[in-house]
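> Have a look at this one.
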2 protein chains.
Amino acid sequence: MKTKRVDVAIIGAGTAGLNARREAEKAGASWVLIESGPYGTTCARVGCMPSKLLIAAAEAAHNVAHAREFGVNVENWNVDGRAVMERVRSERDRFVGFVVDSTESIPEEKRLRGEARFVGPKSLQVGDHTRVEAKSVVIATGSRPWIPPQLDAIRDDVLVNDDVFEWEDLPESMAIFGTGIIGLEIGQALTRLGVQIEFFNPFDELGRFSDPKIVAKAHKVFGKQLTLHLKSDATGVEKVDGGYRIQWTDLNGEDHERVFQHVMSAAGRRPNVEALDLEKAGIPLDHRGLPISDPRTLQCGDTSIFVAGDVSGHRPILHEASDEGRIAGANAAQFPDVQATVRKTSLEIAFTEPQMAIVGERYIDLDPDEIAIGEVSYDNQGRARVMGANCGLVRLYGRKSNCRLIAAEMFGPRVEHTSHLLAWAIQEGLTVPELLEKPVYHPVFEEGIRTAIRNLAKELRVSGQCGPQDRGEGPGA
Amino acid sequence: MKTKRVDVAIIGAGTAGLNARREAEKAGASWVLIESGPYGTTCARVGCMPSKLLIAAAEAAHNVAHAREFGVNVENWNVDGRAVMERVRSERDRFVGFVVDSTESIPEEKRLRGEARFVGPKSLQVGDHTRVEAKSVVIATGSRPWIPPQLDAIRDDVLVNDDVFEWEDLPESMAIFGTGIIGLEIGQALTRLGVQIEFFNPFDELGRFSDPKIVAKAHKVFGKQLTLHLKSDATGVEKVDGGYRIQWTDLNGEDHERVFQHVMSAAGRRPNVEALDLEKAGIPLDHRGLPISDPRTLQCGDTSIFVAGDVSGHRPILHEASDEGRIAGANAAQFPDVQATVRKTSLEIAFTEPQMAIVGERYIDLDPDEIAIGEVSYDNQGRARVMGANCGLVRLYGRKSNCRLIAAEMFGPRVEHTSHLLAWAIQEGLTVPELLEKPVYHPVFEEGIRTAIRNLAKELRVSGQCGPQDRGEGPGA
């Protein structure tokens, strides 16, 4: 048993952990990075990158299927599942390779392999070989997919997104439990690639939308292109020849059953804390046993223990994990001089088609008395129509008291881009009249957003507390 | 001969003219709208909309041709020229229809048909039927394609963009004179649709780029996918059986000739002023006989005559024509109370692939001693690579004295979106450190822009006058 003394011990070599150690290094602190699994981040290995690669293939198939609309005739085409997965895996391996190389370039004495657990607030046991005594600790252990109890009977066979990206070919069929962002992204992509996908969810949420009008639109649009069994009880799940039989009762109380080649859980993710023996860390825990931390400092109570990334539960998204790693790493190195950071405007995007985005707070978390709402339909928006992508609804929320744009729920084409425009504007505190002074080219998807802003301006005028000027209605919306 | 007395006479019922009359109406002024051609704006009839429809078809063809890269096999495909042009024309007609309907809904007594010419500063003759006496005049007569003298021999047969959008089928081949935005957009789209396009230009500009590194990149990229005869003298142009023979001398002094089914001029546009008898208007004219006006008021000298839209020569782009119509219309109605307006941050986009954009001033108009430059290559940018669109270069210009982003030349995928983000930030006066605080999702094209901003931050630090903080390097670039 060796003992290692450092200023900062970082548990987890993912995005948050790697950023935390960079900050510790910058601050001149001594540090050690502890990892029990393979190197490579969740994002690169099983998250953002491989899912976007699968979606790119799905988009290629969709474009081929719809080329005739533009005057391009395709006589014969097919999806080569092996080729699809070959590109997904090889590009994924390339992205992962960069992270692994960069992690392995860290001097060996600063990397510890093995599972870490607290033996005291400033003391960690790593595997059975090393004791780490640290002035501060950053917990950056990430999260893993959760498998709901209704799949208990086949628990060991249930796939998660990690498994999908290891496929060498596409399957015939798959049942997906969950209609959150991960489920919809992967499930829609596979549907477009010809896999028979059916979704199951005892509830009826789609992605993270909360605005009733956007939720209704999403149900209508996805309901047409995907096989959704929402508010459906899966009454039986069992392994049979050739796959897994799912039995379910639909909304009308009718019973159904079908055999799927695979079953995947996309029912959410859970922070990785079980192995940590957190009760010995002396930090505040919530009722689920998860560390409670201040999102602006990532500090747990007034201890020298910090959390960062998915495990923190604040904002389980890559760019936020990246920020949290920096904040936690810097504060761990400077402890007890802990600095509060103003977090960025929240931005969530799902790369479905239409795309989904939530900017700032969700509608459901806003006080309806304090806001006015502006909206635009993309069902006939000029450029979207030109591109054959005219479908969607965007709703903007403005604060009556100061006429500022504060949040948006967005369901439509290319909202990955327009959501950035709005997130930056919201973070800058721009008012609706200020937004109307900004240039918008023609013909672009951004004109739809301007229409929504004009609509919001009108609603704010009606509310009587703001008097935004709109310099008129140009062509193109 | 009738005589009509109004507060504001507006010559031209395009985007600028229609917006001018809306402002006149709002201000309670009496007005008349004079148009000699068909109703419908340049944008809807022969500009932005039909070109984007042609480009959408080209993109569909390109997507089919490149589907295999993603694992989607297409065995047989072809471009149905008649179907392509049918969609272009029918959607174009739909967009034009809205403008025509809206124009025809204007009360008949406020619309005059016929060519207008000045008979005095406040007096217009329209056709041979009406004399208009106006307190103010807005000239919004637009522009038309210019045909260079080297095409004189076949002048009556030369096509312009207007003609292309009337085609019922695609031709076999066409020579395009000019490699500006219009030429490149249409020529690249037709190339992708299988038309044999060759470009001729005695100079070597591509679009409006002025930054030598961006210019070089554009030459390299377009040089591979398009047949460009730059710095080439067309020594002979004549009509022959089956088309038009072009003879030219290339850069090495070698002579070539080839017969093309059509010849198109895309060598720029000229303001429509010839019919106006401007010398009787009593306004300042430049050496080409064009009205000189203040871009912030659109006023010509201190007269009650205003210009708006393409004819003004300030910013011949739809959204700017729209703004100019509003500014000129409001000022004409309120004359002599003329208000100066701060114009929007300049934004030019070409919908080629890669796309081209110029935000703020062009590089060539900046003082090299006052700026630092940050750049990013899109040749290996994460998301662009995922989408198979990894090609391009973006250069950002920051002012050393105050660390503000002031301009950008952009050549890359989806810059129609990222250029909006930068244009809004520039208009808001954001500094480079402020830009680095804004959220950027992963994996998105916007991460490339953030890399360029980080690079600019570094260059500004080197310049010593700014000390922008960069909170670190997240994954994804």
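Each Cβ is built from the backbone N, Cα and C atoms, and glycine gets one as well.
Sharing the record's features from TrEMBL:
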type     : residues        : note
ACT_SITE : B:His442        : active site, proton acceptor
DISULFID : B:Cys43-B:Cys48 : disulfide bond
DOMAIN   : B:7-325         : domain 'FAD/NAD(P)-binding'
DOMAIN   : B:349-452       : domain 'Pyridine nucleotide-disulphide oxidoreductase dimerisation'
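Would you situate these features in the structure and describe their surroundings?
Using a 10 Å radius centred on the Cβ of B:His442 (active site, proton acceptor) and all shown protein chains, the other Cβ atoms total 25.
DSSP assigns B:Cys48 (disulfide bond) to a helical segment in the three-state reduction.
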> Inside 10 Å of the Cβ of B:Cys48 (disulfide bond), count up the other Cβ atoms and send me the figure.
28
> Between B:Cys43 (disulfide bond) and B:His442 (active site, proton acceptor), how many Å separate their Cα atoms?
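Taking the Cα atoms only, B:Cys43 (disulfide bond) lies 35 Å from B:His442 (active site, proton acceptor).
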> Rounded to the nearest Å, what's the C-alpha distance separating B:Cys48 (disulfide bond) and B:His442 (active site, proton acceptor)? Just drop the number here, would you?
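Cα to Cα, B:Cys48 (disulfide bond) and B:His442 (active site, proton acceptor) are separated by 31 Å.
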> Within the domain 'Pyridine nucleotide-disulphide oxidoreductase dimerisation' (B:349-452), how many residues are helix, strand or coil going by DSSP?
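Split by secondary structure, the domain 'Pyridine nucleotide-disulphide oxidoreductase dimerisation' (B:349-452) comes out as 33 helix, 31 strand, 40 coil.
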> Quick one: average pLDDT across the domain 'FAD/NAD(P)-binding' (B:7-325), no decimals.
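Mean pLDDT across the domain 'FAD/NAD(P)-binding' (B:7-325) comes out at 97.
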